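To start, the structure itself, in C-alpha cells.
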Amino acid sequence: MPEHTAASRLRLSGLCFLLQILNILLFAVFARYSPESSPGHCPPQLDCSRRNQDSAFQQPRFRDVHTQVLLSFGLVVAFLGRYGPGSAAISILIVAFAIQWAVLAQGFLNFFLNGKIYVGAQSMVSADFCTAAVLISTGAVLGRVNPVQMLLLALLEVTMCTLNEYILLRLMGVSDSGRSLTVHTFGAYFGLVVSRVLYQPHKDKRKREEWQDVGHQADVFAVVGTIYLWIFWPSFTSATTVHDNAENWAVLNTYFSLVASTVATFLLSPVLYEESTPRMVQIQDATLAGMAVMGMAGEMLVTPFGALIAGFLAGLISPLGFRFFTPVLRSRLKIQDTCGVHNTHGLPGILGALLGTLLTLLATADTYGDRLELVFPLMAPGSRTVTDQAFIQLGALPLTLLLAALGGCLTG
C-alpha cells in the first residue's frame with residue numbers, strides 16, 4: 001500500500017510538471033496581451049473601439065466570476081464528509097490548470113490573429129466559464145476518480161467545451177450569455193456520461209455508503225458555498241453582456257429566480273423528506289438550480305414575474321430530482337451521480353434552454369428596443385427572422401447533449 005501511494009503521488013507530480021511545462025511553452029509562443037486591454041498602438045487588424053470597456057467594465061466582472069468559480073464551485077463539490085477537504089484541494093488544482101488550458105484552447109478559436117492569441121479580460125472570463133463546466137462534471141464522479149484522472153478529465157473536457165462554445169456561440173449565433181447550455185447542461189451531462197462509463201457494480205455499491213456520510217461538515221461547506229452563490233452569481237450570469245444597459249435584466253432576473261427557487265425548496269422538501277426545514281445542502285442545490293435556469297433567459301425579456309415562475313419551477317425540480325430521478329439513474333441507467341449535478345445543473349439547464357427558446361419567439365423591436373441588437377445581434381439588422389433564431393436556440397440543446405455525451409464517453 002505505501003508503494004502504491006507513493007506511485008500515485010509521483011504520477012500526479014509528473015503529470016502536473018508535464019502539463020505546466022506544456023502550458024508555459026504554448027503561452028511563450030502564442031500568448032500576447034490584447035491591445036484592447038493595454039495602452040499603446042493598436043494594430044489595424046483588431047477592433048480597439050472597446051479598449052476602455054474591456055479594462056473598466058470587464059475586469060470587475062472577471063473578479064466576481066473568478067471568485068464564484070474558485071470559492072462557490074469548489075465548496076459546492078466539497079459537501080461529502082469523507083471527501084470534502086480533499087475535493088476542495090483538487091478543485092483548486094483543476095481551476096489552476098483548466099484556466100490556463102482554456103485560455104489557450106479558446107484563444108485558438110476566438111482570439112487568434114496573425115499567429116498569436118490576444119489575452120484580455122474577456123478571454124479570462126471565457127476561460128472561467130469553461131472551468132466552471134469542468135467543476136460541474138467533477139461533481140458527478142467525485143470520490144470515484146483520483147487526482148490524476150481529474151486532471152485528464154479537465155484536459156479533455158476543456159477541449160470539448162471550447163468546441164461546443166465555438167459551434168453554438170460563434171457559428172450558430174446562439175444567445176446564451178449566462179451559459180445554461182455551454183456550462184450547466186454541457187458540464188452536467190459530460191460528467192454523467194463519464195460516470196456511466198466508469199460504472200463498477202461491486203465497487204460503486206460499497207462506496208455509496210461512504211458518500212452518504214454528510215454530517216456537520218456538509219452543512220458548514222453548504223452554508224459558505226450558498227452565501228457565495230447569492231453574492232457572486234448575478235455577475236456570473238451577466239458577465240458576457242456587452243453594455244451596461246444590458247446587464248440590468250440579467251442581474252434582476254437572476255435574483256428573482258434565486259429567491260423563488262429557495263422558497264420552492266422550503267415548500268417541497270418537508271413534504272418529500274418529512275423534515276420541518278430543509279438542510280443547507282438542499283438549499284444550496286435549489287440556489288444552483290434557480291441560477292442555472294436563468295443562464296440563457298437572463299438577459300432576455302423574461303419579466304420579473306416570469307423569472308419568479310422559472311425559479312420556482314427549478315426549485316421544485318431539484319428536490320423532486322433527488323427524490324425520484326437519482327434512484328432511477330442509479331438503478332436503471334447505472335449512473336452514480338455523487339453530487340446530484342443532474343438535478344442542480346442538467347435539468348435546470350435544459351429548462352433554461354427551453355425558456356430561452358420561448359422568449360426568443362416573443363422578441364420584437366417594440367418590446368426590446370435598443371436591447372434587441374445586444375441580445376440577438378443577427379435579428380436586429382434583419383439577417384435572421386424570429387422563427388429562425390428560435391429554431392437555432394432550440395437546436396443548440398440536442399447538439400450540446402450530443403457533444404457532451406461523445407466527450408464524456410471518450411474521457412470515461
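Every residue, even glycine, has its Cβ placed from backbone N, Cα and C.
Annotation source TrEMBL lists transmembrane segment at 12-31 (among others).
According to TrEMBL, the feature domain 'Ammonium transporter AmtB-like' maps to 60-411.
For 90-113 (among others), the entry in TrEMBL reads transmembrane segment.
Summarising the annotation, TrEMBL assigns transmembrane segment to 125-143 (among others).
Sequence annotations record features per position, and here TrEMBL assigns transmembrane segment to 150-169 (among others).
Residues or ranges marked as transmembrane segment by TrEMBL: 181-199 (among others). Counting only same-chain residues 6+ beyond the ends of the transmembrane segment (181-199), those with a CB under 8 A from a CB of the stretch are 129-130, 132-141, 144-145, 153, 157, 160-161, 164-165, 168-169, 174, 292, 295-296, 329, 333-338, 341-342, 344-346, 348-350, 352-353, 396-397, 400-401, 403-405, 407-409, 411-412.
Annotation source TrEMBL lists transmembrane segment at 220-242 (among others).
For 254-273 (among others), the entry in TrEMBL reads transmembrane segment.
Look at TrEMBL and you will find 308-326 (among others) tagged as transmembrane segment.
Annotation comment: TrEMBL describes 347-369 (among others) as transmembrane segment.
Here TrEMBL flags 389-410 (among others) as transmembrane segment.
On the 0 to 100 pLDDT scale, the domain 'Ammonium transporter AmtB-like' (60-411) averages 84 in the predicted structure. Within the chain carrying the transmembrane segment (254-273), a Cβ under 8 angstroms from the stretch's Cβ atoms is held by residues 178, 230, 233-234, 237-238, 282-283, 285-287, 289-291, 293-294, 298, 304, 307-316, 318-320, 323, all 6 or more beyond its ends. Listed by sequence, the residues of this chain that lie at least six past the ends of the transmembrane segment (150-169) yet keep a Cβ under 8 A from its Cβ atoms are 12, 15-16, 19, 90, 93-94, 97-98, 101-102, 105-106, 109-110, 126, 129-131, 133-134, 137-138, 141, 176, 181-182, 186-187, 190, 194, 396, 399-400, 403-404, 406-407, 410-411.
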